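Over in TrEMBL, the protein carries these features:
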type: DOMAIN; residues: 1-88; note: domain 'S1 motif'
type: DOMAIN; residues: 104-175; note: domain 'S1 motif'
type: DOMAIN; residues: 198-263; note: domain 'S1 motif'
type: DOMAIN; residues: 370-439; note: domain 'S1 motif'
type: DOMAIN; residues: 459-528; note: domain 'S1 motif'
type: DOMAIN; residues: 649-718; note: domain 'S1 motif'
Amino acid sequence: MLLLGCIKEVSDYELAISLPNGLSGFVPVTQISDAYSQLLTKQVAQGELLEDLNSLPDMYSPGTLVRCIVTSIEKSDDGRRSVKLSIDPKKVNKGLNSTALTAGMLLSGSVSSVEDHGYLIDIGVTGTHAFLPHQKAKNYIKAVKKGPDLKIGENLNCLIVEVKNEGRVVCLSIDRAEVAASIATERQNWALSNLLPGLVVKARVQKVAPLGMKLTFLSYFTGIVDFMHMDPEKSLSYSPDQVVKACVLSVHPTSRAVRLTLRPPFLHAGGAPRQLCGQRMGAVLEEATVKAFYKQFGAVFELDDGTLAFARLKHLSKTRKSFKPGAFKEGCKHKCRIIDYSLMDEMCVISLKHQVIEARFLQYQDIHTGDVVQGKVLSLKPIGMQVKVADGIRGLVPSIHLSDVILKQPEKKYNIGDEVKCRVLECNPAGKKLILTLKKSLIQSELPVLSNYEDAKPGLITHGFVVCAREFGCIVKFYNDVKGLVPKNELSSEPVSCPDKVFYEGQVLKVMVLKCEPQQERLLLSFRLSSKPGPEDKRKSTPKEKQEVKYQIGEMVDVKVLKKKDNGLEVSILEDEDNVVAWIPTLHLSDFVGTSKLLWHCLQEGDVLPRVMYLSDKGEHIILSRKSAVISAVQEEQVVRSFSEIQPGMLLTGYVRNVMPFGVFVEFPFGVTGLAPKVSMSDKFVTDTKDHFVVGQTVIAKVMSIDEEKQRVLLNLKVSECSSGDSAAESFALLNQYFKELKEIMDLLRRGEPSICELVPGKRVHLVMQDVREDGSALFSGSSVTGLTVAATRYHLGDKNTAPGEKRKALVLHVDALTSEVYVSLREELLKQRP
């Protein structure tokens, strides 16, 4: 059977295809084309990677339409059917021969080789050589952006431009505009034996029925359009003899039944159906309205956003016995969950089953590393145990993870069907790969889950498992394949001569992080958890010596607020057993000066600030910074570590250290400073330097010149000179960071001053006038503004005279959280603009 399908997912070994009517199928890597299969065979034989063999993800993208042929339908042990497909042109176009080829035909082809002037295309027709010139491919390549050339095995929608030598040679085009404009006509002599899905035709409505329509096309063909493939905008307006544009969806080889679609995205060849927003998948909807019920198929619903969804009969109730048709009359509302999306039907697939709605996991994306999950044993094999976590979600417990100790006969401990409690070691949704552990010491561990190198801070203690013990030490693994080395001298407080005799593969142990280099994915660990200096050592070593050894500039730490002082916060570094005290100056709480003051105002003793950067060590305290732009510059290595590294033209991120009448001093991470003279401070004329910059302000500065003798750096702070190119992206990133910090402040304010968070500019409030001040402004009070100072300037009191004690409606103009002042307006023209 020939079908039009849409690529849903791409992995290294297969394409998952969405088929019409909510069905799915799979194209194995061996069913792409002859040329691609030959390359695969060659690579396997040689045992090394071939340059011209590209992986499926390099050539195919989700959302692309492809013509498929069903090769087999396999039934699994649990009764599920799996549809195997092929997109090999030799199978898809098997009904065509060289004499049937005519100009204007649209058919599938696959790149078989790259030549000097174009590409040889396999169109699956014996005795025909198909050629695609570079000129007819360049627009397609530019639009798809999968590289400078087409790749061997790439599947294409080909339009026959010219036929030579009675079909022995054909010239093709894949130009998107030409392909999109092609319509199958009678002159192309299509027959039922070679009719292809994906062809766009002009058809005439023959009969309209409740579940679909009958159409005639290409003079003597008839086809069916079912209710799911009518144009949703016009489904009620079709009438006999009406001429419509349609696309062939499927052709059945024995019954010769042809199915068509009238949905708009399919009505021009090369189109792509709409995709579902990723956040909607798995969403639970409180109310979905029944639009139509079909007793043989299921029901169509309208969702909260106006889109249509389909629920199969088996998903309308828990069991067949509990099914009540009366509950699915048009207009009835039901709670449901989106469980899938059919690209070919452009429709969500939903379920009303209670167990599906309440299910913790619906797809691999719902599972996170470190999650503890319940599963059912499906099979026991030499490599490990296969576990069913949920419908369609399976995981593997490797043999060393079946227990805290290695099991020689796991079948004696576990039986198929047993319920087991596991912990997720690794989850890769793209590859549908889920690795689990049954080790109780890992499942019950309350220590942090180490799943990436960035989280491996020195001093962190967590559980890991030994994967290798050799004379040099032990290699220990954590979650998401994060691994590190415990050197021989860190294995124990006592010398260990033969680590392989003391430690075994799979052994779970507590380890402490000594050092981590995330970029190089290098991790140094220790089993000596108490390798801290004793009380005598502590007294001898000064805080400064201790801190210099422990922290480096750019290192990220989590801190807890100990004390609020006038110009900053005294904090302790978490996960540091020496309780090191550090200092965050108020101006280093944010890139934005106003936000810094607000954050200082909102934070309380005991609050935790994550991901703060070690900046410097001046005097008694470690200095930390929370400036996002400065942190990014250090992490992306866009910094200079010493004066010798500075070059003219460099763009550096820093902060204003001092504002003088003659210019601005800017400090950068690692202690380098520079001066921006008055003339280079701004694109505007500068009268007073204090009007342009304030101490603590984050800036991007351009290096103008260097005086090596005097160790002086001259800077330029003009905005026109200090952009790295994509100024729009930079501006949006800065705005995004500002609003993110503003949201953080609002969340903090809700703890102590919830009323101020409700007062947003533009909100209407009911107030009572209290007093009129000397400058003509007025003070107000009200239940929604308790504890706040509410004022309206003389200009915003409006035309009506208001006396103390009088009630008035007002509009919030501005809220100053620092001073707890709210500014409002009583002007009628402003109040009218708000609903």
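In case you wondered, yes, glycine gets a Cβ from its N, Cα and C as well.
Curation does not apply to TrEMBL; its annotations are automatic.
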Could you check whether the domain 'S1 motif' (370-439) packs against the domain 'S1 motif' (1-88) - three or more CB pairs closer than 8 Å, residues at least 6 apart in sequence?
yes
Proximity verdict for the domain 'S1 motif' (1-88) and the domain 'S1 motif' (198-263), three or more C-beta pairs under 8 Å:
yes
With DSSP helix as H/G/I and strand as E/B, how many residues of the domain 'S1 motif' (459-528) fall in helix, strand and coil?
10 helix, 35 strand, 25 coil
Where DSSP helix means H, G or I and strand means E or B, what are the helix, strand and coil counts for the domain 'S1 motif' (649-718)?
9 helix, 35 strand, 26 coil
Summary of DSSP states over the domain 'S1 motif' (104-175), given as helix, strand and coil counts:
13 helix, 34 strand, 25 coil
